[in-house]
Amino acid sequence: MFDTEFLDIPPLARAGGTVRLPGSKSISNRVLLLAALSEGETTVHDLLASDDTAVMLTALKRLGCSVRQDGDTAVIGGLGGRLVQRKATLFMGNAGTAMRPLTAALALLGGEFELSGVPRMHERPIGDLVDALRQLGCAIDYIGNEGFPPLRLRPGQLKLDAPIQVRGDVSSQFLTALLMALPLVASRDIQIDVVGELISRPYIEITLNLLKRFGIHVQRPAGADSWQRFTIPAGSRYQSPGEIHVEGDASSASYFIALGAIAESAAGQNSIEILGVGADSIQGDIRFVEAARLMGAQIDSSPNSLRISRGKPGQGWPLKAIDLDCNHIPDAAMTLAVMALYADGTTTLRNIASWRVKETDRIAAMACELQKLGATVEEGADYLKITPPAQRADWKTAPIHTYDDHRVAMCFSLAAFNPAQLPVRLLDPKCVAKTFPDYFEALFAVTEADTACIPVICVDGPTASGKGSLAALTAQRLGYHFLDSGALYRVSAFAATRAGVSLDDAAGVARIARALPVQFEGDRVFLADEDVSEAIRTEAGGMAASKVSAHPEVRAALLALQHGFRQLPGLVADGRDMGTIVFPDAPLKIYLTASARHRAERRHKQLISKGNSTTIVRIQQDLEARDARDMSRPVAPLKPADDARLLDNSDLSIEESADQVIGWWQGTRPF
Ligand SMILES: O=C(O)C1=C[C@@H](OP(=O)(O)O)[C@@H](O)[C@H](O)C1
Ligand SMILES: C=C(OP(=O)(O)O)C(=O)O
């Protein structure tokens, strides 16, 4: 996950490859609750791991459910409709699929509970559900604002004799909540009447479908009234299916379907393949496929996968503008708003009033951010009209606010295919954790940028200047990859010595360097499967590295390996010739120095802490000797690149140095 203040996505050029989707949020949270209410154990496979499922799991555990997790499989020990814990304070984050159904289930089961969430959850309506539950005799108080969480539940006197009414025009989750909770008390038939238009109907289909899997057969009238009346038959009782698989998330699929529709194919690929969801899906958002086809996407579907490619010029590319009622795909339709940027006219998305009461006011948010990119947007109470920038030169870029809304962040990543080749900055990218924590990793795995567009920040400097720590911290703060090029020389020397090759044998060491099976994981360095981090970071390891790095053959052998680290979304590389030789086109080059005295003091501290005894004077002499050798060597001598910025960190903390580098970096960006 990108836990950074912002994520800059370079202009993307092509896409291709396979994406395995994380589990569906809507199915995961329903299945968890249904399993918890059933008797016996349910093994849930391919469960989504995200913020929304985490709050549900935590709540269930606090209510006395046993949960055993192993990777993406969870075994839920059901409560059999009886609460072990009748008093609890539960935090629901911003998960509508946890807040609403748990409110209904706990209100009916009886007990003293408080349910709250993030500040936005306290602005998301729940009044229609509370009104319905009060008709049943449930005792529910608003702790804050009338009609909104947080809520206090108390034991009430249930009355099940009359049909209950629930409004369906603000959120379908209120009806879903009742449908999932009422089987707990169905000693007689219980009838639910929907008042007004029911929105987001396919989510009710998911609910009915899963209820069936847990033994509850909800009855509905045939014909026009089939969405108005739902009856839970007397004697309904939850029965665990034993095992259940969660499909991939169809709403999450929409970003990759859109990707396939707008991106040129990567070399050797001709499509994006999505695994985990397909034509057999029980999720309504699978119908996003139809909308994407209308816009020009070429999509083949099989029961559990999709294959998408961009239409040919004039036949699907540019995309065709559409005018669509999106009530049945409220979440995935946001993706259409960004596809509209690549369309040949004005796209209108209608019947989306519910967007205003979700993670943020999504109509306002999409309108505001699309306009920042140069689109013309008309916003109505329940619609959006989007006209793309007229020409390449009309595209703009600006930091995109994501409003703690996972879908805003995921949607706008697709703006990186803009024809003006502008990078896109997303603020607070970690908000994707609500439903798809590794979204950006998945995106970067199937997208390509032209190499020159992938930014590199070079941090060169003499030994013990702190360039490794500075580069690593800068990389972490930007969400970029990190290349410790010095480690490559250390590992080459280490591997050569292991193989009995003399460090003076330039060709021999180069041969080893060329096929070096080196891997970095955080601050650990692996040679094949062996963690060699400690072994290579000794003083002797440094001397050996300095020796082999003087061989032009070895430097040449490591060049391709180093270039390979230039990957999306960017790279911070530290070494001695990053800015001069390896990445001469880097948009920011730092030459980091500190006085020999300061460097010697730092190194002394390090060595003392490792239990080595030596003196500062001795270390300073060694450093100066090494500087002289590195600066005077004929190949790639240590020197600042002509366009490097000098940073003397003698009196700076590592954070202050990183602030300076990031400040300079911001200055090179177009935002
Ligand atoms: O029941 C569900 O799983 C959902 C229903 C929809 O909400 P509304 O019914 O409020 O539109 C959808 O937007 C949400 O992401 C998930
Ligand atoms: C509306 C959404 O979430 P929630 O389940 O919290 O309603 C969503 O995921 O887009």
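Cβ atoms are placed via backbone N, Cα and C, with glycine included.
No curator has checked TrEMBL annotations; they are predicted automatically.
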Worksheet item: In TrEMBL, the residues Gly96, Arg124, Gln173, Arg362, Arg407, Lys434 are said to bind phosphoenolpyruvate. Which of Lys25, Lys312, Lys547 is said to bind at that same site?
Response: Lys25
Item to complete: Enumerate same-chain residues with a sequence separation of six or more from Arg30 (3-phosphoshikimate binding site) and a Cβ-Cβ distance below 8 A; give 'none' if the list is empty.
Response: Thr97, Pro101, Thr176, Met180, Ile206, Thr207, Leu210
Item to complete: Report the residues of the chain - excluding Gly461, Pro462, Thr463, Ala464, Ser465, Gly466, Lys467, Gly468, Ser469 - with C-beta within 8 Å of the mean position of the site's C-beta atoms, for the recorded ATP site, in sequence order.
Response: Leu470, Asp574, Leu592, Ala594, Arg599
Item to complete: Run through the Cβ atoms and count how many others sit within 10 Å of the one on Lys358 (3-phosphoshikimate binding site).
Response: 20
Fill in: Distant-in-sequence Cβ neighbours of Gly96 (phosphoenolpyruvate binding site), under 8 Å, six or more positions away
Arg124, Ser171, Gln173, Lys358
Worksheet item: For the binding-site residues Ser172, Gln173, Ser200, Arg407, which residues place their CB under 6 A from an atom of ligand 1?
Response: Ser172, Gln173, Ser200
Fill in: Spatially closest candidate among Ser172, Ser465, Lys467, the listed binding-site residues, to Arg407 (phosphoenolpyruvate binding site) (Cα to Cα)
Ser172
Discussion item. Can you give me the average pLDDT across the domain 'Cytidylate kinase' (457-662), rounded to a whole number?
Written reply: 93
Worksheet item: For Ser469 (ATP binding site) and Asp331 (active site, proton acceptor), what Cα-Cα distance in Å is obtained after rounding to a whole number?
Response: 42
